[in-house]
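The next block holds one structure in the form of structure tokens; read it before the comments.
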Amino acid sequence: MLRLKCASQRYDWGKVGVNSIVYKLQVASENPDISHVDLPYAELWMGTHPSGSSCLWDNPHVTLAAHIQENPASLGKPSLIYFGRRLPFLFKVLSVAKALSIQAHPDKKMAVRLHAEQPDLYKDGSHKPEMAIALTDFEALLGFRPLNQILAFIQAFPELAELTTLELPSPEEKRDVQPPSIKQLYSNLMRSSPEKVESTIKSLLNRFTTGSKSVCDPPLSILGVDLQEEDVQALVDLFLRLTQAFPGDVGCLSIFFLNYIRLKSGEAIFLKANTPHAYLSGDCVECMANSDNVVRAGLTPKFKDVERLLEMLDYTPLTDSLRLGATQPIPTPEGISMKSFIPPVSEFAVDVIQFDAESRGFSLPSVPTASILLFLHGQGTITCPSTGEACSQETKFGPGFVYFVPADMIVNLVSKEDRKGSLHAFRAYVNRK
């Protein structure tokens with residue numbers, strides 16, 4: 001078992017300094033690379049991706065990727081057979097102050113094609129399904145709304161009709177016409193000229209801020225859509241925030257096409273390949289296939305690959321529960337909980353371990369593949385009963401400590417008796433047995 005020194009990413013959408021959980025974890029773990037308190041700290045990366053590879057704490061010149069190449073058995077047989085001599089997931093902590101781009105991650109077939117055609121933009125040929133577990137109140141856009149909701153918004157906000165080139169019947173008309181597809185409507189929106197987009201945004205801003213019109217005309221209730229008034233008002237508030245941060249950006253209008261979801265701490269979402277999404281605010285733990293491929297089309301000053309995004313998106317509306325449920329893999333003593341978030345992919349799964357303030361110890365069951373163990377809160381020591389000795393020279397844990405745990409290793413967590421508060425840890429591992 002090896003302690004890791006992990007990289008931070010300072011994207012401009014991240015929270016700044018002490019407001020960022022990424023910064024606070026790095027400082028608490030005594031990472032010597034963290035010195036600038038006035039910079040954004042957006043992401044903590046734990047894994048082997050070359051854009052931010054972890055290295056060994058006691059020997060920072062050795063990357064985790066190099067260690068795995070020298071010690072492939074540490075990955076475990078199921079992982080070696082399925083993925084070879086590499087760690088197939090990337091584990092992260094995100095601290096979001098400003099909305100990330102409207103984006104999607106390609107499936108394997110598209111990823112190979114993108115990497116072959118534009119390797120400078122798309123760095124690898126891997127797909128990138130991902131999962132986010134909220135640490136604080138967390139906002140996101142995720143997948144397309146049902147078509148009837150999208151059509152209702154277009155009818156309630158006629159300003160959108162011109163961009164989608166949808167000819168709307170009056171409420172008195174009854175026409176037996178085939179409704180347009182989500183792909184047709186969203187493609188028309190995203191291909192609109194910047195001038196038309198800016199004009200539509202200004203018109204909606206006028207509608208939402210002057211009070212001269214009702215917010216929805218006609219009201220959504222007349223249109224037979226199951227959306228509450230508070231849901232519409234939340235969207236209006238989001239629109240006002242986004243237009244301040246990204247004036248004139250077509251992504252501001254995507255909120256009427258995509259599901260707006262607000263997570264509480266401990267709730268999770270799963271994003272399969274080709275699903276449009278954007279993280280808007282809050283803190284989360286994220287796990288994904290080991291790729292950094294992103295196709296963007298809105299809410300960003302970066303390159304927008306609109307045609308590519310429209311080609312690859314999955315336009316199937318997400319009408320089931322948008323949250324990923326958790327299971328409890330083993331019984332736990334009173335005051336201790338362990339939940340597992342198991343997505344429908346092989347690259348990763350995540351356990352969440354929590355002690356209350358009175359609990360002292362817990363034996364974390366082994367998994368047959370390598371794992372990365374992150375401590376968010378709590379202090380104590382780690383021992384490995386398989387050897388009867390300490391796991392390594394450095395066996396303490398505290399906030400921000402990260403460990404690489406070889407396959408099949410049982411880990412005993414012993415909390416410090418005089419610690420303040422509870423223990424909160426996350427374990428990511430390969431979802432193969």
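Using N, Cα and C of the backbone, Cβ positions are placed for all residues, glycine too.
Just so it is clear, the model here is predicted, and its values are computed rather than measured.
Annotated features, as they stand in Swiss-Prot:
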- Gln103, His105, Glu130, His277: Zn(2+) binding site (BINDING)
- Arg296: active site (ACT_SITE)
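Report note: the Zn(2+) site is defined by Gln103, His105, Glu130, His277, and the residues of the same chain whose CB lies within 8 Å of the CB centroid of those residues, excluding them, are Ala104, Lys128, Leu271, Thr275, Pro276, Val294. Cβ neighbour count for the residue listed as 'active site' (all protein chains, 10 Å cutoff from its Cβ): 21. In the three-state DSSP assignment, the secondary structure recorded for Glu130 (Zn(2+) binding site) is strand. According to DSSP, His277 (Zn(2+) binding site) is assigned to a strand segment. Cα separation, Gln103 (Zn(2+) binding site) to the residue listed as 'active site', rounded: 4 Å. For the binding-site residues His105, His277, the greatest number of Cβ atoms within 10 Å around a candidate Cβ is found at His105. A separation of roughly 9 Å, to the nearest angstrom, links the Cα atoms of His105 (Zn(2+) binding site) and Arg296 (active site).
Residue pair the residue listed as 'active site' / Glu130 (Zn(2+) binding site) shows a Cα separation of 16 Å. If you draw a 10 Å sphere around the CB of Gln103 (Zn(2+) binding site), it holds 25 other CB atoms from the protein chains shown.
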